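A.B. asks: Feature list, courtesy of TrEMBL:
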DOMAIN    1-36  domain 'Pre-SET'
BINDING   Cys18, Cys22  Zn(2+) 2 binding site
BINDING   Cys18, Cys24, Cys28  Zn(2+) 3 binding site
DOMAIN    39-162  domain 'SET'
BINDING   Cys122  Zn(2+) 4 binding site
Amino acid sequence: YNEAGQVRIRAGLPIYECNSRCRCGADCPNRVVQRGIRYDLCIFRTGDGRGWGVRTLQRIRKNSFVMEYVGEIITSEEAERRGQVYDRQGATYLFDLDYVEDVYTVDAAHYGNISHFVNHSCDPNLQVYNVFIENLDQRLPRIALFATRPIRAGEELTFDYNMH
């Protein structure tokens with residue numbers, strides 16, 4: 001990160017933040033994702049039939065951390081089972097943790113945060129990064145969403161569900 005907490009590496013590369021084994025304190029500039037959401041965000045009903053969405057109530061600078069996608073960690077086998085049920089219901093909140101292997105999935109259907117409501121876009125303003133803090137198991141990254149460009153107050157937040 002730079003001194004403003006903006007990510008400086010390209011998407012696809014992992015981020016390793018300081019953790020409890022470091023001698024630095026909570027104000028260390030290499031502790032960004034673990035500090036949590038720092039922006040005022042709002043859940044709203046979309047006007048075009050996409051259900052709920054999330055918008056920011058304040059300006060977000062390019063490359064800034066916005067939120068973490070959180071939920072229940074389940075095996076990919078359990079995700080397949082739940083995915084069939086979710087497909088019948090017309091909604092799914094599964095996020096595969098496939099940074100190195102497709103072993104685990106985050107299910108935000110019952111446990112999560114505001115990220116559960118972020119919609120897909122082929123031209124998103126958020127980018128996914130794999131972050132490691134206390135856990136260095138590459139099969140279990142934390143999923144952090146960073147701004148791909150400056151985002152205006154009132155703008156809907158989106159990411160590409162099919163990112164590469």
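Glycine residues also receive a Cβ, built from the backbone N, Cα and C atoms like all the rest.
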A.B. asks: Taking helix as H, G and I and strand as E and B in DSSP, count the residues of the domain 'Pre-SET' (1-36) in helix, strand and coil.
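C.D. replies: Secondary-structure breakdown of the domain 'Pre-SET' (1-36): 3 helix, 3 strand, 30 coil.
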A.B. asks: If we count other C-beta atoms within 10 Å, could you say which of the binding-site residues Cys24, Cys122 has the fewest?
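C.D. replies: Per-residue Cβ counts within 10 Å for the binding-site residues Cys24, Cys122 bottom out at Cys122.
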A.B. asks: Cβ within 8 Å of the Zn(2+) 3 site centroid (Cys18, Cys24, Cys28 excluded): which residues?
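C.D. replies: Close Cβ neighbours, site residues excluded: Glu17, Cys22, Arg23, Gly25, Ala26, Pro29, Asn30, Arg31.
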A.B. asks: Test of understanding: give the count of other CB atoms lying within 10 angstroms of the CB of Cys22 (Zn(2+) 2 binding site).
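C.D. replies: Neighbour count, Cβ to Cβ under the 10 Å cut-off: 11.
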A.B. asks: Among Cys18, Cys28, all listed as binding-site residues, which has the most CB atoms within 10 Å of its CB?
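C.D. replies: Max Cβ neighbours within 10 Å, all protein chains included: Cys18.
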A.B. asks: Mind checking how the domain 'SET' (39-162) divides into helix, strand and coil residues in DSSP?
C.D. replies: 18 helix, 48 strand, 58 coil
A.B. asks: Compare the Cα of Cys28 (Zn(2+) 3 binding site) against each of the binding-site residues Cys18, Cys22, Cys122 and report the nearest.
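C.D. replies: Spatially nearest to Cys28 (Zn(2+) 3 binding site) by Cα position is Cys18.
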A.B. asks: For the domain 'Pre-SET' (1-36), could you work out the same-chain residues 6 or more beyond its ends whose Cβ comes under 8 Å from its Cβ atoms?
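C.D. replies: 61-65, 68, 99, 127-134, 136, 138, 141-142, 144, 146, 163.
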A.B. asks: Between C-alpha atoms, which of these binding-site residues comes nearest to Cys122 (Zn(2+) 4 binding site): Cys18, Cys22, Cys24?
C.D. replies: Cys18
A.B. asks: Give me the Cα-Cα distance between Cys18 (Zn(2+) 2 binding site) and Cys24 (Zn(2+) 3 binding site), rounded to a whole Å.
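C.D. replies: The separation of the Cα atoms works out to 8 Å.
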